[in-house]
Amino acid sequence: MSDALLNAGRQTLMLELQEASRLPERLGDDFVRAANIIIHCEGKVIVSGIGKSGHIGKKIAATLASTGTPAFFVHPAEALHGDLGMIESRDVMLFISYSGGAKELDLIIPRLEDKSVALLAMTGKPHSPLGRAAKAVLDISVEREACPMHLAPTSSTVNTLMMGDALAMAVMQARGFNEEDFARSHPAGALGARLLNNVHHLMRQGDAIPQVMLATSVMDAMLELSRTGLGLVAVCDEQHVVKGVFTDGDLRRWLVGGGALTTPVSEAMTPNGITLQAQSRAIDAKELLMKRKITAAPVVDENGKLTGAINLQDFYQAGII
């Protein structure tokens, strides 16, 4: 029984891969035309399709939207019952139908022509009514479905998804869409956390900032170290400009060397220690701490004045790993 299941699964994958392997050679003028129509679209891309094509269409619309192309999915039945009103002349419709003869097209195509909406087709029948009406046809045809009965859309839905990805990625690259653009549309994701957060978004502020003045004694600096638990204290002048840092390591070295606790901390600190700019990207700041093998640092403004403090745990808690 297990061998039969494994063989069926492997056969399905092999058939789907075989059909998908034919897609690259089909990309030509129509693919370029479709991509350019989307690139120059001043409105939105509306993706539509019925059944399994509709399910894949939702994914294609989501991929376009998350990679810099305003897009959404409209079900053909809903389009014919009012949602066509959302479609304007500056929009583009990408209709997915393997047969290219969905009955809804008989009503949708004339309405699109009335509105001068550019129609793109993704179909297995390029010479179907859908293919003939479209400005560009993306051929997703297969010689056979992976379904043993040749009925359930399998190879054809894989081809549809792959063609949609190919189109979305080509448009994305042509737009110059980059990681930061992607992060802006995914602010709650890991990439958004990595690229959108600056140090000032994550740093500790107010009473949570460990700080002392240059004339503060080593004893009082030690108490400040203990109070905040960050492993360092920022040592500032009277204008709150950071002049150095006093760390747990500095304290140990001072005591081992016989230093007095009444001595000003300015004599025991590390002068000109690492500081982070409040406006710098959090991911860059975290990588700097890792590179220098330190766990925390004061945060300063453009004038070097203390505005906060941050440690590696603050980055990790924000999802910046």
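Cβ coordinates are placed from backbone N, Cα and C, and glycine is handled just like the others.
Quick look at what Swiss-Prot annotates:
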{"type": "DOMAIN", "residues": "34-177", "note": "domain 'SIS'"}
{"type": "BINDING", "residues": "Gly49, Ile50, Gly51, Lys52, Ser53, Gly54", "note": "ATP binding site"}
{"type": "SITE", "residues": "Lys52", "note": "site 'Catalytically relevant'"}
{"type": "BINDING", "residues": "68-69, His75, His81, 107-116, 141-143, Glu267", "note": "substrate binding site"}
{"type": "BINDING", "residues": "His75", "note": "Zn(2+) binding site"}
{"type": "SITE", "residues": "Glu104", "note": "site 'Catalytically relevant'"}
{"type": "SITE", "residues": "Glu145", "note": "site 'Catalytically relevant'"}
{"type": "SITE", "residues": "His186", "note": "site 'Catalytically relevant'"}
{"type": "DOMAIN", "residues": "203-261", "note": "domain 'CBS 1'"}
{"type": "DOMAIN", "residues": "269-321", "note": "domain 'CBS 2'"}
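Using a 10 Å Cβ-Cβ cutoff, Gly51 (ATP binding site) registers 14 neighbours. Shown in sequence order, His55, Ile56, Gly57, Ile96, Ser97 are the same-chain residues outside Gly49, Ile50, Gly51, Lys52, Ser53, Gly54 whose Cβ sits within 8 Å of the Cβ centre of the ATP site. Per Cα geometry, Glu104 is the residue among the recorded positions Gly49, Ile50, Gly54, Glu104 nearest to His81 (substrate binding site). Using CA atoms as reference points, the recorded positions Gly68, His75, Glu104, Leu112, Val142 were checked against Gly49 (ATP binding site), and the closest is His75. Ile50 (ATP binding site) falls within neither a helix nor a strand when secondary structure is assigned with DSSP, and so counts as coil. For the pair Glu104 (site 'Catalytically relevant') and Gly68 (substrate binding site), the Cα-Cα distance reads 29 Å.
Put simply, Ile50 (ATP binding site) is 7 Å from the residue listed as 'Zn(2+) binding site' when counted between their Cα atoms. Averaged across the domain 'CBS 2' (269-321), pLDDT in this predicted model comes to 92. Of the listed binding-site residues, namely Lys52, His75, His81, Lys115, the sparsest Cβ surroundings within 10 Å are found at His81. Taking Cβ-Cβ distances under 8 Å and a sequence gap of 6 or more within the same chain, the neighbours of Ile109 (substrate binding site) are Leu119, Pro129, Leu130, Ala133.
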